[in-house]
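Chemist: Dropping a structure here in structure tokens format, bear with me for questions.
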Amino acid sequence: MLDIKGADANKVILVIGIMTLHSFGEGSGVGVSFAGSKGLSQGLLVTLAIAVHNIPEGLAVSMVLASRGVSPQNAMLWSVITSLPQPIVAVPSFICADAFNKLLPFCTGFAAGCMIWMVVAEVLPDAFKEASPSHVASAATLSVATMEAFGAMFQNFGVNYNSEGASGFLVSLLFGLGPLLGGNILVAFALAFHLQHALLTGVASGIAFVLGAWRPLQLLFSSKMSFFTLTFLLATGSTFTHILTSTATKLTTLKKTSANTLPNAAGFSISALTLQSILSCLAVALHALAEGLALGVAAPKAYGFGRHMVLPVSLHGLTRGAAVASCIFGATDSWYGSLAGSGLIGIVGPVSAIAAILAGIDYSGLDHLMVFTCGGLIPCFWSMLRRAMRLDTRKSTTGVMAGVGFATVCLMCTKLVCLHTPYCNSAPEAVR
């Protein structure tokens, strides 16, 4: 902070001070919500809403600092510091809820007035100095629209609010942690032991084959779907994915310039293996979408679902993240690309689950969609495995066995963890 001089320092201190002041009101709101009539479930919902609200607040602080020469690390640190009053104030406000409940309107109103003045008197004038009025207006309109969208989403969820819905909402967000953790584990092993392309591709293929077979076998052994229907859906999903990937490859490429490099219509060269890996990851994303919808259907209707299913759902996502990370790392040798891919896959499940909760869809046809997406995993990873086998048969086979073992252990642990719950075979069965 001492490196910033003059008027810039005044504005930075003003922004940080007002954002910190604003955090006192938010912390009070969190504490009072946990002490309310609906207790934990209402507190979780309010905390989640404030957490989303904190995203643009952190951006505001970081942008003001970064534009004045502060390093990214220090800008991030100050963004965290401005939110520290929230947990500090939340505890006493929970203990003395009645007193803080009376102060809460004054605190939030005072903070709101400070923020409005800061925007009108300081931030907007700076923006007009750096950009044209049309650009400033466009950015402001987009920001307001984004915040209104978040507000409408939480208001819609709050109207139909119930405790199980809140816990399901939380579990749906945690659904994305498993893939990210799985991707981190795979990348750590790949970097530590210098794993080769053939081995990593084998691991991805082995995991994908287990993911593709797990739910269909559950449905078959529990007699919830006939063998003919299962076979038909798996074949349809496999054929659909094969046609889609073949068409995408032809549309993306103009001609084959070498054994491994393909130029697309924009003149951008991409290796055939990288393109194949991206398409395989899209098949995994479709599988995650189906699982997210199933989770979202069960979450608001199943008693105790949020309490019982956090760990099993996270374990189930480990395999998906590891498959995507090993697929990308084997094709590109890019650890940050692998982590980004597993993170993006982790977003698909929670988004579809939350969409299912908000839309209130029912269970009809979700098992059929799940089997269809399971069939879609097979052709993508089979083609990658064949390519890897041509490079090194022994390492590819070892990778397949390692992938099958890892995925089987994770999914069996899911079964063991949820044995004392009514949701052991799959989350949607809780609503049947």
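A Cβ is built for glycine as well, from the same backbone N, Cα and C atoms used for every other residue.
Heads up, here are the entries from TrEMBL:
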- 12-32: transmembrane segment (TRANSMEM)
- 44-65: transmembrane segment (TRANSMEM)
- 103-124: transmembrane segment (TRANSMEM)
- 169-191: transmembrane segment (TRANSMEM)
- 198-214: transmembrane segment (TRANSMEM)
- 226-244: transmembrane segment (TRANSMEM)
- 265-289: transmembrane segment (TRANSMEM)
- 309-331: transmembrane segment (TRANSMEM)
- 343-363: transmembrane segment (TRANSMEM)
- 369-385: transmembrane segment (TRANSMEM)
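Help me picture these features in the structure, burial and contacts included.
Modeler: Counting residues 6+ beyond its ends, the transmembrane segment (226-244) has Cβ neighbours under 8 Å at 216, 219-220, 283, 368, 371-380 in the same chain.
The list of residues near the transmembrane segment (369-385) in space but at least 6 beyond its ends in sequence, with Cβ under 8 angstroms from a Cβ of it, reads 201-202, 204-205, 208-209, 211-216, 219, 225, 230, 233-238, 240-242, 245, 273, 276-277, 279-280, 283-284, 286-287, 289-291, 293-294, 327, 396, 400.
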Chemist: With Cβ-Cβ distances below 8 Å as the criterion, list the same-chain residues six or more beyond the ends of the transmembrane segment (198-214) that contact it, or say none.
Modeler: 186, 190, 280, 283-284, 287, 319-320, 322-324, 326-327, 329-331, 374-375, 377-378, 380-382, 384-385, 387-389, 391-392, 395-408, 411
